[in-house]
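Accompanying notes for the structure given below.
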């Protein structure tokens, strides 16, 4: 059986924590898209682990797989694995040979291109990790795959083909000089060959590379349980998100098949759990109809609600709303129900996990953007174009707040121990999305989760 964990909003919904909660029941945890731009925090036995590439389940002794839909920075991968080993863990991580490798020139170009876009207010809020340029090379059939690192002749041929193109892009299109502020080794075939050939040797020596689809299907044939772990969220999916303020891959559930080599009928027979943050947050630019306050350099000039900056700061501080990878403050807002309805439709949620419910505790009133108004019409889901979305006004519903309680005790006692007003809020979410509540996160630790039902 399979279960797919999907972010229903703009990323950072707490997917890693839910993977951790249900992880004991699975044998393999697979990431099917994204790269080391996807920061996630896992708390295990009181220790906190901040990861950006290694699948969350690897912290709990499960087999972790980076699928062919991922883009992999080998340097980050080995840094994270070494750090986990230094803390006494023995992570078992495999990498799809069809996954594409992030190279230094991808990261350089990511920064250059984001600077150019920022002049036109088109910046996507990239982490600068080279994710977008790597996916561009994948689509342009000029990428370097993990399997290429295992063969010296193939690796050299790939680099000799693509590196001159990257040099020309920097020098002739962006009119920049390689050297000084731009690392010359990032555009040097020999330097790249030596560095990435060494990565290939280590991958080979540690037996880390796999034919992903074959590897996973063998596990399924043996009766193993597999969890697909999505990164980011539905509303920054390159097809279903708020384009162009999106990531470069598909965090939605359909990509679990494409990004791993497991058939869509297999994924479809399993569960799809939508992870919902009890309010809204994001890093990056673009519209956000339910935004509270504003963040310099991210909130559009005509967006946000500056008169509610104190409330925004309270939620941001209580929720620790700062990027795991970048440390940037996240924009925050009330829950956006049209966004969630869109996510439920695009992913086919069979259940929901609502996180950070405790962050809103103590507020007298909690609001939800129930619908939008656009040109005098009510919309219950997101419009298809970002330009229309920017013109949407949120229609709010108000809920009575709930007190701050001993959330650890609530998690021990179960769903009925949640404050009544909090349950009313959760029931509203479940009813609107036509999916039951499987879990409620009321704190950062695994033990601070109210587990209602298991998808496995």
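Glycine residues also receive a Cβ, built from the backbone N, Cα and C atoms like all the rest.
The annotation in Swiss-Prot ties 12, 13, 14, 15, 37, 38, 39, 40, 127, 141, 232, 328 to IMP, and of the candidates under consideration, 247, 252, 350, the one tied to the same site is 247.
The distance from the Cα of residue 442 (GTP binding site) to the Cα of residue 12 (active site, proton acceptor) comes to 15 Å. Between the two most distant C-alpha atoms of the annotated IMP binders (12, 13, 14, 15, 37, 38, 39, 40, 127, 141, 232, 247, 328) there are 34 Å. Residue 327 (substrate binding site) carries neither a helix nor a strand DSSP state and counts as coil. Cβ environment of residue 11 (GTP binding site): 38, 231, 232, 233, 236, 247, 251, 282, 283 lie under 8 Å away, each six or more residues apart in the same chain.
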